[in-house]
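S.K.: Pasting a structure below so you can have a look.
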C-alpha cells in the first residue's frame with residue numbers, strides 16, 4: 001500500500017514540472033542583483049499555490065522527497081550547480097516527514113511542511129559562500145563587475161542562515177496563501 | 001507542422017547519438033559553460049564544448065538554427081575578445097552583460113533543445129533503464145521533460161487571453177494579476193496531466209511486470225567521440241587541481 005504506484009510517480013512529474021516552470025519564471029528576475037537573494041522569498045510565496053494543490057494529492061511517503069530530489073537534478077541541468085541536489089533531497093525528506101506526521105491530511109502540517117520544503121532553495125546560494133572566490137571571478141566574466149560586487153555584498157556567510165530562515169517563513173506564508181487560493185479556486189472547480 | 005518535443009515517433013535526424021551521450025553532453029555543458037565552473041583552464045575549453053550543439057545542428061541539416069546559433073555565440077565571442085579592451089563605462093558593462101549572457105546560456109539552451117527534440121520518450125526511458133536508475137526517478141523525469149513544453153505553451157496561451165481582456169502587469173495589482181494567470185495555468189496543466197496519467201496507465205506504466213522496450217540503444221563511433229570530449233572537460237579541472245595552480 002505504501003509503495004509508490006505509476007500513477008503517483010506521474011503526479012510527481014506533473015507537479016514538479018509546474019513548480020519548476022513557476023520557479024524559472026521568477027528566476028528570470030534574478031538578473032537584477034537585488035532579486036537574486038529575494039528568490040528564496042518569492043519562490044516559496046508563489047510556489048505555495050502549486051505545492052498546496054500538490055499536497056492534496058500526496059497520500060504516500062516519498063512523493064515530496066522525490067520532488068525535492070528532482071528539483072535538485074533540474075537545477076544541475078540548468079546550470080545552478082550541484083548543491084541543490086543535496087539540499088533538495090534533505091529538505092524534501094524532512095518536508096515529507098512533517099507531512100507524514102499529519103497523516104497527509106492535516107492542513108497545518110501541510111503549511112509547515114511547505115516551509116521546510118522551501119528551504120531547499122538555499123542550495124543555489126551555497127556556491128556563493130563555499131567557493132566564494134571562483135564564483136566571484138565567474139560572476140565578473142558573466143555579468144560584469146557591478147553585478148558581481150552587489151551580489152557579493154548581499155550574500156555572505158552571515159546572511160546564509162538568515163536566508164534559510166527567510167525561506168522557511170516565506171514558505172509558511174506561501175502555504176497559507178496557497179491554501180486560501182486552493183479553497184477559493186481549486187476546490188470549487190473540483191480538481192482537488 | 002511544428003516539430004514535437006520528445007515526440008512519440010522517431011523522425012529522420014542526422015547524427016544519431018545515444019540518449020545517454022546527449023545527457024552526458026548536457027550535464028557537461030551545464031557545468032562548464034552555463035555555470036562556468038572549473039576555473040580558468042575550463043574557460044579556454046568552453047568554446048570547444050559550445051561547438052558541440054553547432055556540429056549536431058549542422059549534421060541535422062538545420063541550417064537556419066546553426067546560422068543563428070553561430071551568430072549569437074560566435075558574435076559574442078568575437079565582441080568580447082576584440083571590442084572589450086577598447087570600451088569603458090556603460091558600453092563596457094553592456095557588452096560584458098550581453099555577451100556573457102549569450103555565451104553562457106545559448107549553448108546550454110541549444111543542447112537541451114536538441115536533446116529533447118531528437119529523443120523520443122521511449123528512447124529516453126530505455127536509456128535511463130540502462131543506466132540502472134530506479135523507476136521512481138525515471139517516470140517523473142520522463143513526465144517532466146514531456147510536460148515542460150506543455151506548461152509553457154499553456155502559460156503563453158493564458159497570457160494572451162488575459163492580455164485580450166486587458167489584465168496585465170502594472171496598475172498596482174500584482175497579486176490579482178498573479179492569481180488570474182497562475183490559477184488557470186495550474187488548472188489546465190493538472191487537467192492535461194490527468195489525461196497523460198490515464199494514457200500512460202493504459203500503456204502499462206506502473207504495472208507489476210517488467211516493461212519491455214523495442215528501442216535499440218547502443219554506443220557508436222560518434223558517441224565515443226563526444227563522450228571523450230566530456231571526459232576531457234571533466235579532466236581539465238581535476239588535472240589543474242592535482243598539478244597545482
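Cβ atoms here come from the backbone N, Cα and C positions, even for glycine.
According to TrEMBL:
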- A:9-28: transmembrane segment (TRANSMEM)
- A:34-54: transmembrane segment (TRANSMEM)
- A:61-77: transmembrane segment (TRANSMEM)
- A:83-99: transmembrane segment (TRANSMEM)
- A:111-131: transmembrane segment (TRANSMEM)
- A:151-178: transmembrane segment (TRANSMEM)
S.K.: Quick check for me: are there 3+ Cβ pairs below 8 Å between the transmembrane segment (A:111-131) and the transmembrane segment (A:34-54), leaving out pairs under 6 residues apart?
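M.R.: The transmembrane segment (A:34-54) and the transmembrane segment (A:111-131): touching, yes.
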S.K.: Counting CB pairs under 8 Å, which listed stretch among A:9-28, A:34-54, A:61-77, A:83-99 touches the transmembrane segment (A:151-178) the most?
M.R.: A:34-54
S.K.: Quickly jot the same-chain residues contacting the transmembrane segment (A:61-77) by Cβ under 8 Å, restricted to those at least six beyond its ends, or write none.
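M.R.: The answer is 2, 4, 8-9, 11-13, 15-16, 19-20, 23, 54-55, 84-93, 95-96, 99-100, 113, 117, 120, 123-124.
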